[in-house]
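J.: To start, I am sharing the structure in question, which I have written as structure tokens.
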Amino acid sequence: MSSILESAKGIIKEARELAYLGKYPEAIMKFKSQIDTLSQQLEKNKGDELLYQEWSKLVTDIKEELDLTQILFDFTKGNSNSNFELNKIAQQQPSPQKPRVVQECPEFQEDNRQPRLPFNQIPFQHHHRENTSPRSKANQFQISPPKQKAQDPDEIFFGGLRGGNDGKKPNSNNNNNNGNNLNQNPSNYFNNNSNNNNNNNNNNYNKRQTNNNPPPKDPDVWDPPSKKVDKPKQSQKDQKSNNIFKPQAQPQPQPKSNQRREYDKPWKNNAVGEKKPTEGQRKTFHDHVYPDGRGPDSDLIQMIEREVLDLTPNVSFEQIAELELAKDTLQEAVLLPIFMPQIFTGIRRPCKGVLLFGPPGTGKTMLAKAVATTGKTTFFNVSACTLASKWKGESEKLVRLLFEMAKFYAPSTIFFDEIDALGSKRGDNDGDSARKVKTQMLIEMDGVSGAATSGEERKTVMCLAATNRPWDLDEALIRRLERRIYIPLPSDTGRKLLFEINLNSLKLSPNIIWDQLVKKCDGYSGADIANVCREASMLPMRRKLKEEGGFQKLQQKYEDISNVPLEQKDFDEALKIVNKSVSTEYLKEYENWMKDFGAG
Ligand SMILES: Nc1ncnc2c1ncn2[C@@H]1O[C@H](COP(=O)(O)OP(=O)(O)OP(=O)(O)O)[C@@H](O)[C@H]1O
């Protein structure tokens, strides 16, 4: 059975192709033969309801297409005595859905008595016409075949004939076109961009031939948006369902495919900007700027809130080993102005920003997070790639939005990690975009701090920045980062503390000689020591794995492993695996830069 159906569908497709190419007689033959075949099958399948429904729908559709093809064939031969559905529809009384202007216009009603057949608007006629300019063809059909994006004849055939908007040019002026299109303005069956508000001017074909007609529309130019916005726009789906061969008075059942999409879409409710905040919920910056739920920069704001805003930095100064000088400077330069803003006025104004520089993995990010946690400020963790956008002008906009957002959530801390990637020295090789981002950053940094004028509530926004390459930074940026603090590699004491911090949750053998271990780690950064500890903590497990001879058995004994104390040999082994990551030659450069530019 299904093979008959499949072959029928194939032949119908061929028929549509023929019709599209203007080979109407052949198309009609094919359609007719298929109606006969399918009707016979239909009778045989009355028992199977599903199959019966599917086939009968197909037969109805083909009949419609056959009618249409027949009409087109008649017209191309100059014969207007078509006795198909089209005539019947055209002779119907105006439906109550039609706009008042259409119902009351006597001229229009007079016209309605005759079938309103599109004599000069016959679909596919352009295949037969000579001496017709491409522009005028396009005006008549709007969907000109060479421009068709869909090559499926089904789509081309119905897309053109049913008067559906092809989705490329939404026509806001079709609002009144929800009645029977055929009765109102036949030209609009094929020309969706026509202004239907001008029905009085357009509904008479004879009149359209006079010089008073509006100039032909350029199909590539959209209509200006309609000022009448009180009526809801007709959706594309609705427009497509305006089948001119079915009287519109009877509501058509929704196609199955549409019904299938009527399900809950919970992800839509969760999207930022789609939903208004309920009472008691934290008001976001997005809600503040776009109280209606959505705006032009919604996506950018959403991106910053998702990727940059860190609501739980959760790092305390106690978790950071050593670096006492840096901690004190940060507390004085950043935290005091937040806690006691009244003191920091006039010449004592808070500094514009703080630069933390030093070798990688020495705790710069941790310090910034500790500042945000202690000061209970909103923490924005920005990296160069977050602000890099492929769209022209978007990176600068992101910088601007970031600072606006920080002011909104104030007190805030904006932390620019690896700031050298954003604020390197300006040079001839800079792209336009990079230059603009730098300039925007400088402008914004100027705007965030400074003494509050009397009566004005200061929005405390602190800029912290970190870099491993301070010598690459632009001078203007260095000037704005008024405090520049060197974050060095940990000293002996610092390394010992780092071991303690990292191993505080593990069992340790009393036989470990810490001083020896600390000496061996000379030149290691905080991150390197964390790696040594991680590696050492894995070694008892690896040992046990070997002893027990299999992962499966070991799984049941996970408690035994976690309780095995770490031995000196574990650390010795770990130190063989983990090497220091900072080259000594760089250390000299940091010290030199500190001498020249440091302001700790
Ligand atoms: N002073 C420190 N106290 C405690 N942990 C530290 C310290 N320094 C480094 N660490 C460890 O190193 C890891 C990396 O630290 P952090 O990201 O702060 O370094 P960084 O200086 O910002 O590095 P980079 O310059 O590469 O961004 C931390 O997660 C922590 O485990």
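Glycine is no exception: its Cβ is also placed from the backbone N, Cα and C atoms.
TrEMBL does not curate its annotations; it predicts them automatically.
Copying in the features that TrEMBL gives for the protein in this structure:
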REGION    127-294  region 'Disordered'
COMPBIAS  133-145  compositional bias 'Polar residues'
COMPBIAS  170-212  compositional bias 'Low complexity'
COMPBIAS  217-240  compositional bias 'Basic and acidic residues'
COMPBIAS  241-251  compositional bias 'Low complexity'
COMPBIAS  259-294  compositional bias 'Basic and acidic residues'
DOMAIN    350-491  domain 'AAA+ ATPase'
BINDING   G358, P359, P360, G361, T362, G363, K364, T365  ATP binding site
J.: Secondary structure at G358 (ATP binding site) (DSSP, helix/strand/coil)?
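T.: Looking at the DSSP assignment, G358 (ATP binding site) belongs to neither helix nor strand, so coil.
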J.: Under 8 Å between C-beta atoms and at least six apart in sequence, can you list the same-chain neighbours of K364 (ATP binding site), or say none if there are none?
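T.: Once residues fewer than 6 apart are set aside, K364 (ATP binding site) is near L356, F357, G358, D417, A466, I487.
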J.: Can you tell me how the residues of the domain 'AAA+ ATPase' (350-491) break down into helix, strand and coil by DSSP?
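T.: Looking at the domain 'AAA+ ATPase' (350-491) with DSSP, the answer is 59 helix, 28 strand, 55 coil.
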J.: Using a 10 angstroms cut-off on Cβ to Cβ distances, just flag whichever of G358, P360, G363 is the loneliest among these binding-site residues.
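T.: With the binding-site residues G358, P360, G363, fewest surrounding Cβ atoms within 10 Å: P360.
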J.: Ranked by the number of other Cβ atoms within 10 Å of their own Cβ, which of the binding-site residues P359, G361 ranks first?
T.: P359
J.: Limited to the domain 'AAA+ ATPase' (350-491), I'd like the whole-number average of pLDDT.
T.: 83
J.: Show, in sequence order, which residues other than G358, P359, P360, G361, T362, G363, K364, T365 on the same chain lie with their Cβ within 8 Å of the centre of the Cβ atoms of the ATP site.
T.: L356, A466, N468, I487, S525, G526, A527
J.: Here are the binding-site residues: T362, T365. Which has the lowest count of other Cβ atoms within 10 Å?
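T.: The binding-site residues T362, T365 were compared, and T365 has the fewest Cβ atoms within 10 Å.
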